[in-house]
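Okay, structure first, notes after.
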Amino acid sequence: MKSFSFLAVLSILAITLSLSKASDPSSLQDFCVGVNTPADGVFVNGKFCKDPKLVTVEDFFLTGLHEARPPNPKTGSNVTAVNVNNLPGLNTLGISLVRIDYGVYGQNPPHTHPRASEVLYVAVGTLFVGFVTSNPENRLFSKTLYEGDVFVFPQGLIHFQVNVGKYPAVAFAGLSSQNPGVITIADTVFGSNPQIDPSFLASAFQVDPKIVMDLQTKFIKP
């Protein structure tokens, strides 16, 4: 009888713990406007909560996303992010937004978002997009998108977009994190600080070390 009771208690504890882990994934209050310094001492997802009494409508507002941004000469694109760092009201809400401007033949180079999936909407132009699955298959899913088309990039997978039209293009993307993060593959591998030993990278990519060193000079941070 005692052993049965002990097992019953363990079972109840196990169920309770599993439920507790499955619950509370979201905020338990109306909002937690993010600030970088302590307010009430509540630290949530990398930000302190602003005193609710001091919150204003401006904490939930950002303007200017209708304006085109000049493409970066290196990539031919410009990504304008709307996340918790410039829209504090997004804190704890688990969403963010970007506008991407593409010059002719511009691209948003292969990259990943470690903390978010992404849904992309093409507002202007024609884009060739795709993502690659994880090892060992490394399967490429790609498609040409036109105005009004939508495409999804699963969380953590390497993906890209290229403007294949004859004119500049614009896309908007929603991400499932207030701060999704970006890891651009080339910048990360060849522009790390300090640099990765060229011999290691040469072996990994099966190329001459001189090629790696040349790439590292192109991605070195100023």
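Using the three backbone atoms N, Cα and C, a Cβ is placed for every residue, glycine included.
Nobody curates TrEMBL annotations by hand; they come from automatic prediction.
Now, the feature entries from TrEMBL:
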type	residues	note
SIGNAL	1-22	signal peptide
DISULFID	CYS32-CYS49	disulfide bond
DOMAIN	63-213	domain 'Cupin type-1'
BINDING	ASN108, HIS113, GLU118	oxalate binding site
BINDING	HIS111, HIS113, GLU118, HIS159	Mn(2+) binding site
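Structure with TrEMBL features highlighted.
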residue: CYS32; record: disulfide bond; Cβ within 10 Å: 24
residue: CYS49; record: disulfide bond; Cβ within 10 Å: 23
residue: ASN108; record: oxalate binding site; Cβ within 10 Å: 26
residue: HIS111; record: Mn(2+) binding site; Cβ within 10 Å: 19
residue: HIS113; record: oxalate binding site; Cβ within 10 Å: 24
residue: GLU118; record: oxalate binding site; Cβ within 10 Å: 22
residue: HIS159; record: Mn(2+) binding site; Cβ within 10 Å: 22
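Highlighted in sequence order, VAL98, HIS111, THR112, ALA116, LEU120, PHE153, HIS159, ALA173, LEU175, PRO180, VAL182 have their Cβ within 8 Å of the centre of the Cβ atoms of ASN108, HIS113, GLU118, the residues recorded for oxalate, and are not part of that set. On the 0 to 100 pLDDT scale, the model's mean across the domain 'Cupin type-1' (63-213) is 95. When the CA atoms are compared, the recorded positions lying within 10 A of HIS159 (Mn(2+) binding site) are ASN108, out of the candidates CYS32, CYS49, ASN108. Other residues of the chain with a Cβ within 8 Å of the Cβ centroid of HIS111, HIS113, GLU118, HIS159, the Mn(2+) site, are THR112, ALA116, PHE131, PHE153, LEU157, ILE158, PRO180, VAL182. Distance from the CA of CYS32 (disulfide bond) to the CA of GLU118 (oxalate binding site) is 23 Å.
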